[in-house]
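Taken from Swiss-Prot, the feature topological domain 'Cytoplasmic' applies to 33-48, 98-101, 159-164, 218-224, 363-395, 452-471, supported by sequence analysis. Per Swiss-Prot, topological domain 'Periplasmic' is recorded for 70-76, 125-137, 186-196, 246-262, 307-341, 417-430 (among others), and the stated evidence type is sequence analysis. Per Swiss-Prot, the feature transmembrane segment maps to 12-32, 49-69, 77-97, 102-124, 138-158, 165-185, 225-245, 263-283, 286-306, 342-362, 396-416, 431-451 (among others).
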Amino acid sequence: MTDLPDSTRWQLWIVAFGFFMQSLDTTIVNTALPSMAQSLGESPLHMHMVIVSYVLTVAVMLPASGWLADKVGVRNIFFTAIVLFTLGSLFCALSGTLNELLLARALQGVGGAMMVPVGRLTVMKIVPREQYMAAMTFVTLPGQVGPLLGPALGGLLVEYASWHWIFLINIPVGIIGAIATLMLMPNYTMQTRRFDLSGFLLLAVGMAVLTLALDGSKGTGFSPLAIAGLVAVGVVALVLYLLHAQNNNRALFSLKLFRTRTFSLGLAGSFAGRIGSGMLPFMTPVFLQIGLGFSPFHAGLMMIPMVLGSMGMKRIVVQVVNRFGYRRVLVATTLGLSLVTLLFMTTALLGWYYVLPFVLFLQGMVNSTRFSSMNTLTLKDLPDNLASSGNSLLSMIMQLSMSIGVTIAGLLLGLFGSQHVSVDSGTTQTVFMYTWLSMAFIIALPAFVFARVPSDTHQNVAISRRKRSAQ
């Protein structure tokens, strides 16, 4: 990329900066949840909604982000995304109650939903096609550093300052990013088709109300009748979307996507798989602090080996899949992640704390292999005219399943424990033990989906398919 103009390189730095902000915020909050609960006078069992409100908002808003960027312009939308994210951070820091914090996190989620996909779109427009891969590698590298720094930085700020600072640090960075966006980023627009507002609203309502219903009376305080009503509304909304999308060329997500078997299996496996793995980043620091008495900073440091294992495995995952095939890799990593989850719980409860970093490193390796395999399996056989829609649907499902996973983790804690889990409670470790056993079972379930992947599904299948389509 050395031959790119200076202006283009600065624009890439702005996109990379946005990726870093968004990825840092996904992990920096996890370590601070017990301290937030104490400060706000809430049970730790309710704090999963701090993550759910952000991730669910991202899932709901993702389908609209690309269309808005094409319609209004990438600079305008990227600037708006940074401003909303920064304002959300400010309101999070000023929150005095859990409900105020949840609303502020939702505002952050609107900005986060637009930041990454619009950033990718910007790179496509400002960089020559032959340099696109190198440019995307450059801008996504800070996004990989964010999860590495997030837990430790969050723990450090909580332990030596207060939890408010995990949001306040976004404000000066966001102001600089917003000014740089206005000054340096071009405002590309393009002709767009009419946005499927009806489909968007149906999906948004369906996802939101079903997630709220899943949280149950323990988390939301809704009565059983209200929860049943939410389930009914959510199911009706999703059924109406399916009817709306039939034979509709302008549908938000075409049902033709599901004619590709690997897409259907990959999407179902990704949804179920990320529900299980989505529990781990939330539960691990909570367990370390509340269940084992670790300090916030110590708990944050313990998360670093998991991120390092994930980053290191990305270098060889392609060779692993090509050697053993998608079905074997996905079934093995799914069952392996379940076993590693049990191993983590066992070593922690036995007091073998020096072993935990190695277990978390192994967990990161297994999880990364499974994520990469799920993503490529889902998208690799889609025809070119459906690839963009399929990628958007996968991105939405990834965020939705993570929010459901965190919700289920909070629900499990509520089922096995009282409303006040604390380090001083004699039954706390028992509560966490039953929760982790349940999580290991849920994590293993997608193996049944991945076992249906054809045994001859290798990466070269996608290559040969494209060659045939080009003839």
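Each Cβ is built from the backbone N, Cα and C atoms, and glycine gets one as well.
Taken residue by residue, the topological domain 'Cytoplasmic' (98-101) breaks down under DSSP into 4 helix, 0 strand, 0 coil. Of the Cβ pairs linking the transmembrane segment (165-185) with the transmembrane segment (342-362) and spaced 6 or more residues apart, fewer than 3 are under 8 Å, so the two regions do not touch. Segment contact is absent for the transmembrane segment (138-158) and the transmembrane segment (49-69), given fewer than three CB pairs below 8 angstroms at sequence separation of 6 or more. Counting Cβ pairs under 8 Å to the transmembrane segment (342-362), the top-ranked stretch among 12-32, 396-416, 431-451 is 431-451. If you look at the topological domain 'Periplasmic' (246-262), the same-chain residues 6 or more away from its ends with a CB under 8 A from one of its CBs are 63, 193-194, 196, 199-200, 203, 377-378, 380-383, 386, 389-390, 392-393, 453-454, 457. Each residue in the topological domain 'Periplasmic' (246-262) gets a DSSP state, and the totals come to 7 helix, 0 strand, 10 coil.
Simply put, out of 12-32, 77-97, 102-124, 263-283, 286-306, 263-283 has the most Cβ pairs sitting under 8 Å from the transmembrane segment (396-416). Under 8 Å from some Cβ of the transmembrane segment (286-306) lie the Cβ atoms of residues 27, 30-35, 44, 47, 148, 150-156, 158-160, 348, 353, 356-358, 360-361, 363-364, 367, 421-423, 428-429, 432, 436, all in the same chain and six or more residues away from its ends. Sequence-distant contacts of the transmembrane segment (12-32) (same chain, at least 6 residues past either end, Cβ-Cβ under 8 Å): 1, 4, 50-51, 54-55, 78, 81-82, 85, 89, 108, 112, 115-116, 119, 122-123, 126-127, 135, 138-147, 149-155, 157-158, 163, 166, 170, 173-174, 177, 180-181, 184-185, 281-282, 284-286, 289, 296, 299-300, 303.
Per-class residue totals from DSSP over the topological domain 'Periplasmic' (70-76), listed helix then strand then coil: 6 helix, 0 strand, 1 coil.
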